[in-house]
2 protein chains.
Amino acid sequence: MSLSREHCLALDAHDELAALRSEFELPRGVIYLDGNSLGARPCAALERARELIGEEWGNGLIRSWNKAGWFTLPTRLGDKLAPLVGAGAGQVVVTDSTSVNLFKVLAAALHSQAERDDKRKVIVSERSNFPTDLYIAQGLAAWLDRGYRLRLVDSPAELAAAVDDSTAVLMLTHVNYRTGHMHDMEAMSALAHERGALAVWDLAHSAGAVPLALEASGADYAVGCTYKYLNGGPGAPAFLWVAPRHLAGFRQPLSGWWAHASPFVMQPEFSPAPDIRRALCGTQPIASLAMVECGLDIFLRTDMQRIRAKSLALTDLFIRLVEQRCAHHPLELVTPRDHGQRGSQVSFAHPHGYAVMQALIGRGVIGDYREPGIMRFGFTPLYTRFVDVWDAVDILADILDNRAYDTEAPRDAVT
Amino acid sequence: MSLSREHCLALDAHDELAALRSEFELPRGVIYLDGNSLGARPCAALERARELIGEEWGNGLIRSWNKAGWFTLPTRLGDKLAPLVGAGAGQVVVTDSTSVNLFKVLAAALHSQAERDDKRKVIVSERSNFPTDLYIAQGLAAWLDRGYRLRLVDSPAELAAAVDDSTAVLMLTHVNYRTGHMHDMEAMSALAHERGALAVWDLAHSAGAVPLALEASGADYAVGCTYKYLNGGPGAPAFLWVAPRHLAGFRQPLSGWWAHASPFVMQPEFSPAPDIRRALCGTQPIASLAMVECGLDIFLRTDMQRIRAKSLALTDLFIRLVEQRCAHHPLELVTPRDHGQRGSQVSFAHPHGYAVMQALIGRGVIGDYREPGIMRFGFTPLYTRFVDVWDAVDILADILDNRAYDTEAPRDAVT
């Protein structure tokens with residue numbers, strides 16, 4: 001069967017995930033390829049918000065901390081999220097932001113290393129990591145003021161040489177936010193361990209996008225995002241995972257009252273909870289936190305293997321169509337072709353990437369842009385159709401063929 | 001006029017804040033005296049949630065970060081909150097939790113002191129401070145591992161002797177969560193400065209409850225809560241204030257990307273924003289954050305002087321009525337009678353405080369309980385009526401007179 005719009009419609013007709021699209025509210029006239037940045041809204045979220053704001057807050061008031069289960073949301077949602085990342089019950093909390101959670105686990109990892117070998121002072125990462133990860137590591141290193149420093153490599157291939165016996169932590173984002181490149185979590189965690197380092201993973205662009213096996217992979221700590229592929233809502237609280245073998249020794253500096261063994265005894269001395277609650281800090285934003293469950297519930301109706309199969313089919317199709325139909329334009333595929341190294345997004349660089357993306361958005365194809373020159377297209381198998389891929393490339397080809405983009409347009413602050 | 005229910009109704013009839021009660025959704029049959037823990041729901045919050053979840057997330061999707069102003073909410077809400085705490089524009093952000101924000105400002109204060117005088121290693125506070133404040137200070141001190149330690153006093157009267165030339169920071173909660181005791185912010189900040197220390201204030205039980213003059217008081221840093229008297233919704237993000245004289249030197253370890261001078265340039269090196277955004281960290285929970293505005297908007301229709309006058313009238317009335325009508329019961333007033341030392345709550349200790357509070361809640365009078373034996377009653381002038389005070393005491397007297405409380409009932413985890 002040759003590539004055609006009809007072929008794409010046929011793929012949708014045989015797609016076993018197709019029915020899940022109706023669980024999402026998507027605006028008419030839009031092809032949404034930015035679920036890697038902010039996931040679409042589950043239909044159930046509106047009713048859940050009405051219930052939470054109207055009933056639980058409005059009528060339940062303070063009683064809802066117990067009766068509506070607000071106080072235990074971080075662990076309850078953590079247990080619901082755990083299977084999606086290959087973790088067990090009691091290993092995950094949903095809380096705070098990815099940045100704050102990374103601070104906690106990085107601090108915990110450095111503490112754990114210092115107890116064993118105080119000469120390991122290097123945090124190895126990639127210069128292309130999402131900046132907040134590097135900023136948090138810089139902030140923590142500067143504050144500890146004990147000689148900790150970052151060693152940043154320019155490509156994944158350099159990591160093997162960069163991790164050595166001075167390395168305390170190998171801190172990687174599993175799927176790169178810009179290129180869509182995916183690391184082999186098991187191999188890189190093993191590399192860290194061989195050299196005596198610990199492996200800290202940021203799963204912001206992996207959770208809900210690719211199958212993960214945190215426990216089996218040998219990873220030590222992980223954090224991730226709920227508002228991208230997991231569809232938890234704008235800025236929804238992030239998650240944090242601690243390998244069971246590290247939990248008893250897990251110590252983190254943001255020791256707020258929700259991390260206390262008995263928060264309502266109101267003791268003046270901190271005593272950490274014996275379980276994963278020790279990774280919490282202060283009171284959580286319940287309206288945002290509760291929305292996370294609406295996204296997670298949709299994942300319960302399928303599994304990550306089916307999602308991955310469709311994700312690869314979507315990204316393969318997109319790459320093939322762009323390369324066929326836009327071959328004479330200066331587009332460069334940034335994302336690996338190798339399935340084993342690809343997340344669920346495809347990035348193309350173009351000399352006028354920003355302007356072309358603005359033109360696409362103007363025509364209803366919503367992707368986004370990251371410096372330098374990179375157009376990102378996220379493919380979310382729960383609600384993206386094969387025909388969406390066809391139509392998006394159709395519009396991209398039309399924009400490029402007709403040079404229908406404005407290289408002089410002013411830029412938004414957030415793109 | 002003698003104290004009677006009619007007298008209370010007359011006070012309500014002449015109350016210039018009475019009309020604002022209609023801005024809140026309050027359950028029928030409930031006298032809500034727990035707005036010091038979780039403020040009531042502004043009516044506007046339900047429509048705002050519908051707009052945010054339904055339109056801005058559902059239809060606007062990623063575009064709403066710019067078009068709906070999500071990205072600038074922390075500073076925009078900070079500017080709206082600032083007049084309520086006596087701060088100027090550009091001095092406040094609404095973000096993260098109180099615990100996380102306290103970590104930031106305490107770290108900034110210690111850093112600032114260390115640059116001036118590295119021998120100051122003591123954080124002075126009260127043993128009766130809200131535990132998370134002490135836990136955060138303990139966590140920070142332990143992690144800095146440079147000899148920092150807490151010095152906790154057992155009563156406000158001991159503070160003058162406790163602050164000395166070893167003190168780096170005097171860290172106080174302005175209104176005590178349990179007793180309702182209020183510090184003189186100006187005097188205590190001056191005490192800190194006389195001894196070369198900095199003053200860090202937690203305004204969790206003050207913001208929206210009592211007039212504050214952060215800038216004029218000489219305070220150095222402050223944090224506070226939006227979900228109590230400010231009615232921002234369960235666990236809504238907290239606020240953080242930095243005195244203008246400290247802003248240029250403000251450094252905090254949670255240096256996430258929202259604190260960067262140019263977050264979307266995606267540089268690998270952290271460079272702090274020149275303004276109050278340097279106190280931010282990561283991506284914020286927008287659904288919870290946006291609700292904060294609904295509460296703040298109600299405050300714009302009055303001022304803190306009017307709120308304070310009614311607050312004192314409500315708490316005076318409550319104390320007087322309880323002491324008249326429950327005189328023969330073992331109730332002990334924990335809250336200061338002196339207006340200058342009282343926040344907007346009244347606490348009474350009773351040997352069976354927990355059981356009595358459960359009985360009150362069962363009869364629709366919602367206050368809360370804190371160890372040991374303390375029943376807390378919060379008075380929120382925006383929606384509490386004088387007749388509510390009468391009726392609440394009426395029910396309390398009835399419960400005590402008839403011993404209509406169960407001292408054997410099991411306790412909830414959260415009270």
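Even glycines carry a Cβ here, placed using N, Cα and C.
Owing to the predicted nature of the structure, the values given are computational and were not obtained by experimental measurement.
Residues or ranges marked as pyridoxal 5'-phosphate binding site by TrEMBL: A:THR98, A:SER99, A:PHE130, A:PRO131, A:THR132, A:ASP133, A:THR173, A:ASP202, A:HIS205, A:TYR227, A:TRP257, A:THR283. Residue density at A:PHE130 (pyridoxal 5'-phosphate binding site): 22 other Cβ atoms are found within 10 A of its Cβ, drawing on all protein chains shown.
Summarising the annotation, TrEMBL assigns N6-(pyridoxal phosphate)lysine to A:LYS228. Counting Cβ atoms from all protein chains shown, A:LYS228 (N6-(pyridoxal phosphate)lysine) has 28 others lying within 10 Å of its own Cβ. Annotation note: A:LYS228 (N6-(pyridoxal phosphate)lysine) sits in a coil segment as assigned by DSSP.
Maximum intra-site Cα distance, pyridoxal 5'-phosphate binding residues A:THR98, A:SER99, A:PHE130, A:PRO131, A:THR132, A:ASP133, A:THR173, A:ASP202, A:HIS205, A:TYR227, A:TRP257, A:THR283: 30 Å.
Recorded residues A:LYS228 (N6-(pyridoxal phosphate)lysine) and A:PHE130 (pyridoxal 5'-phosphate binding site) have their alpha carbons 14 Å apart, per Cα-Cα distance. In this entry, A:THR98, A:THR132, A:TRP257 stand out among the recorded positions A:THR98, A:THR132, A:THR173, A:LYS228, A:TRP257 as having a C-beta under 8 A from a C-beta of chain B. Every protein chain shown contributes to the tally, and the Cβ of A:TRP257 (pyridoxal 5'-phosphate binding site) ends up with 25 other Cβ atoms within 10 Å. The C-beta environment of A:THR173 (pyridoxal 5'-phosphate binding site), restricted to residues of the same chain at least 6 apart in sequence and closer than 8 Å, consists of A:GLU126, A:ASN129, A:PHE130, A:ASP133, A:TRP201, A:ASP202, A:LEU203, A:ALA204, A:HIS205. Applying an 8 A CB threshold to same-chain residues 6+ apart, the list for A:THR98 (pyridoxal 5'-phosphate binding site) reads A:THR132, A:ASP202, A:ALA204, A:VAL223, A:GLY224, A:CYS225, A:ALA238.
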